[in-house]
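Engineer: Below are the structure tokens for one structure; questions will follow.
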Amino acid sequence: MKKLVIFASGSGSNAQQIAQYIVGNQHIELSLILTNNPAAGVIDRARRGFDCGLNVPVLIFDRPTFYQTDRIVRLLKAQQIDLIVLAGFMWLVPPALVKAFSGQIINIHPALLPKFGGKGMYGHHIHEAVVAAGETETGITIHFVNEHYDEGAVIFQAACPVEPTDTPDDVAQKIHALEYAHYPRVVVEVLDGLIGQ
Ligand code: GAR
């Protein structure tokens, strides 16, 4: 049995896609959803069983707990978690957590890194910057996580065109479609040991 957890700060639509992809897989358990945001949509999605009957507990944590204690590292170690999946998680992963789960944390970034990465480049800000820069393509990057925002080894990228008439919302839609098409599969491939750092 391989165990994963998902960290999410917002709507949680990627978390839901992953949940729906692995439900029924006897070898994979989604053990826990962790969020820093008590108002995150991912909490409601989890309470609804991700609309696929998958019941997953949710842990809401605050900044001092995350950055000044080892409670989360200890919890994840005690549960023998194999993979930490960031899906719209907006806080920097603290060095102690990166170290404790070296090569076992992955993130999805809604741009073609190294473009449009780093602090402040998240969610809708990215799509606005992409349109403002007149980019003709953008995409997604799935990568291992290190102590710096958006800098770990790249696992997978996929691109989509940006039309001159596209608004940031149009770009967001295309990006979500790419994320849903690829992130769940890549998560399972990493869990199955097919991809390593
Ligand atoms: C996703 O597009 C994800 O790539 C992005 O936030 C969105 C979350 O959507 N992540 C980042 O910007 C991380 N820097 P979701 O909550 O519906 O999955």
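The backbone N, Cα and C atoms fix where each Cβ goes, and this holds for glycine too.
Curation does not apply to TrEMBL; its annotations are automatic.
Here TrEMBL flags 2-187 as domain 'Formyl transferase N-terminal'. According to TrEMBL, the feature N(1)-(5-phospho-beta-D-ribosyl)glycinamide binding site maps to Gly12, Ser13, Asn14. Among the features that TrEMBL reports, (6R)-10-formyltetrahydrofolate binding site is placed at Arg63, Asn107. Residues or ranges marked as active site, proton donor by TrEMBL: His109. Annotated site 'Raises pKa of active site His' per TrEMBL: Asp150, in sequence order.
Help me understand the surroundings of these features in the structure.
Structural biologist: In the three-state DSSP scheme, Ser13 (N(1)-(5-phospho-beta-D-ribosyl)glycinamide binding site) falls into the helix class. Here Ser13 (N(1)-(5-phospho-beta-D-ribosyl)glycinamide binding site) comes close to Gly41, Arg45, Gly88, His176, Tyr180: these same-chain residues lie at least six apart in sequence, with C-beta atoms under 8 angstroms from its C-beta.
For Asn107 ((6R)-10-formyltetrahydrofolate binding site), the same-chain residues lying six or more positions away in sequence with a CB closer than 8 A to its CB are Leu86, Phe89, Ile142, His143, Phe144, Val145, Asp150, Gly152.
Cβ neighbour count for His109 (active site, proton donor): 25 (other Cβ atoms within 10 Å of its Cβ, all protein chains included).
A coil conformation is recorded for Asp150 (site 'Raises pKa of active site His') in the three-state DSSP classification, outside any helix or strand. Using a 10 Å radius centred on the Cβ of Asp150 (site 'Raises pKa of active site His') and all shown protein chains, the other Cβ atoms total 19.
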Engineer: Could you check which of the recorded positions Gly12, Arg63, Asp150 have their CB within less than 6 A of ligand 1?
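Structural biologist: The qualifying recorded positions are Gly12.
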Engineer: Between His109 (active site, proton donor) and Asn14 (N(1)-(5-phospho-beta-D-ribosyl)glycinamide binding site), find the distance joining the two CA atoms and give it rounded to the nearest Å.
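Structural biologist: Distance between the two Cα atoms comes out at 12 Å.
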Engineer: Which ones in the same chain are close to Arg63 ((6R)-10-formyltetrahydrofolate binding site), with CB under 8 Å and 6+ residues apart in sequence?
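Structural biologist: Looking at Cβ-Cβ distances below 8 Å from Arg63 ((6R)-10-formyltetrahydrofolate binding site), excluding near sequence neighbours, one finds Asn36, Trp91.
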Engineer: If you take the centroid of the Cβ atoms of Gly12, Ser13, Asn14, the listed N(1)-(5-phospho-beta-D-ribosyl)glycinamide site, which other residues of that chain have their Cβ within 8 Å of it?
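Structural biologist: Checked against the 8 Å cutoff, the neighbours are Ala8, Gly10, Ser11, Ala15, Gln16, Gln17, Gly41, Val42, Arg45, Ala87, Gly88.
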Engineer: Long-range same-chain neighbours of Gly12 (N(1)-(5-phospho-beta-D-ribosyl)glycinamide binding site), Cβ under 8 Å, sequence gap at least 6?
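Structural biologist: In sequence order, the residues whose Cβ lies under 8 Å from that of Gly12 (N(1)-(5-phospho-beta-D-ribosyl)glycinamide binding site) (at least 6 apart) are Ile33, Ala40, Gly41, Val42, Ile43, Arg45, Ala46, Ala87, Gly88.
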Engineer: DSSP secondary structure for Arg63 ((6R)-10-formyltetrahydrofolate binding site), reduced to helix/strand/coil, please.
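Structural biologist: DSSP assigns Arg63 ((6R)-10-formyltetrahydrofolate binding site) to helix.
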